[in-house]
Amino acid sequence: MDLTLSKAHQDIQHKAREFVDQVLVNYELECEVNDGLSRESLETINQAVMGWELNALNHSKENGGQGYSIFEQMLVDEQLGRVTGAIWDTVFRPSYPMKNATPAQKEEYLIPTCQGRRRDCYAITEADAGSDPTQCLTRADRIDGGYRINGEKWFVTVGDVADYILVHAHVDGDPANPAVFFVDKNLPGVELKRTPLYTHHFCYKHPEYIFNNVEVGADKLLGKEGQGYELTKDWFVEARLGIAARCIGGATRALEDANEFAANRIQFGQPIRNFQAIEFMLADMAVEIMAAKSMLYRVCAEIDAGQDRKLNHAKVAAVKLYCSEMVGRVCDKAVQILGGRGYMRENAVERLWRDTRVDRIWEGTSEIQRVIIGGQIKKRGLEIYTGW
Ligand SMILES: Cc1cc2nc3c(=O)[nH]c(=O)nc-3n(C[C@H](O)[C@H](O)[C@H](O)COP(=O)(O)OP(=O)(O)OC[C@H]3O[C@@H](n4cnc5c(N)ncnc54)[C@H](O)[C@@H]3O)c2cc1C
């Protein structure tokens, strides 16, 4: 078994790192101070993403993307996770379920989105439908030639700049008939409700939207009626791996900063790394990252090798759970090693510590990942995780 990265993989890793260091990192403090980035900054980054050919890594070249494998995407995500303020999200990746778009939908939505001319966002969560999306109250009632959508969506990430929303709704209010619709934001009845503030400073917002008798044609249905959860599950696999990879990148940067600080900070006449309390924290951080990375790389390689879709879902839950909890532990130690400086927003470890808290919540909380893993153990036996 050859576990070394190929030259092509190293080139991808290197390019992503260069992009982070030369482009994205320059926007971190703007994002922190202004709780977001200006339209001009976002446009400049958008052009850079296109210029560096990092757009739509997850979609085929035929559809205007870069056609990266899961493993290759993960190598990029890992580097993107180094940047604070979620500026990684400017390296746009149109929602994966859009690969099921019809040729006309590809022309109208997917291709321009892959080319940075349009932007999507994905709205599932509602006030009473979070971990349990079957409680979704947004409905799409069949009308002549299409659907009439009514409901309210929360936490719509990128909803401020996106020009269309992929809306998860129940056809005729029937939870057994979930579906996803392309909804242009400028349609009559699409209303911005409010834009709450969050713990992190994110380069985009997470607004809430109301859909008030929004009429869409039958051609706006993505995939088929009844496919809503299947499409969303595909999105979860990709999104959870992205989170896991970024957690590793964020943890690595936090460790590098803590390691450097520990070497240079003198107290009691010597570098603080000479104190075993500090050295042991650095050791634990390094081991945690090594373990997380081994897990992530192997699962991504298995997915690219054509592993069964159900096993992907089961294993990705474990990877997301471990990596998101790992980054919390690592960043917390990094803050501790930097002492008072670790609590200053101008230092990356403070921002990483704050930014990565959400990774245990979105795309399925840690509890929900455990529910998935526990269910898989019951159904398939422990071997899926331990006989690996
Ligand atoms: C910054 C941010 C951005 C987001 N972006 C998007 C987006 O773009 N699109 C979108 O659709 N959603 C988005 N979300 C929503 C996110 O996916 C949900 O917040 C998440 O799924 C949890 O749902 P909830 O907040 O309703 O919590 P709840 O489901 O109400 O959970 C509350 C608590 O109960 C626990 N819990 C619930 N059920 C169980 C169970 N069966 N067993 C054990 N514990 C349980 C949870 O783990 C949690 O601790 C975003 C959220 C945030 C914070």
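Using N, Cα and C of the backbone, Cβ positions are placed for all residues, glycine too.
Keep in mind the model is a prediction, meaning the values are calculated, not measured.
For 7-116, the entry in TrEMBL reads domain 'Acyl-CoA dehydrogenase/oxidase N-terminal'. As annotated by TrEMBL, domain 'Acyl-CoA oxidase/dehydrogenase middle' applies to 121-196. Marked as domain 'Acyl-CoA dehydrogenase/oxidase C-terminal' by TrEMBL: 226-375.
According to DSSP, the secondary structure content of the domain 'Acyl-CoA dehydrogenase/oxidase N-terminal' (7-116) in residues is 75 helix, 0 strand, 35 coil. For the domain 'Acyl-CoA oxidase/dehydrogenase middle' (121-196), DSSP puts the residue distribution at 3 helix, 38 strand, 35 coil.
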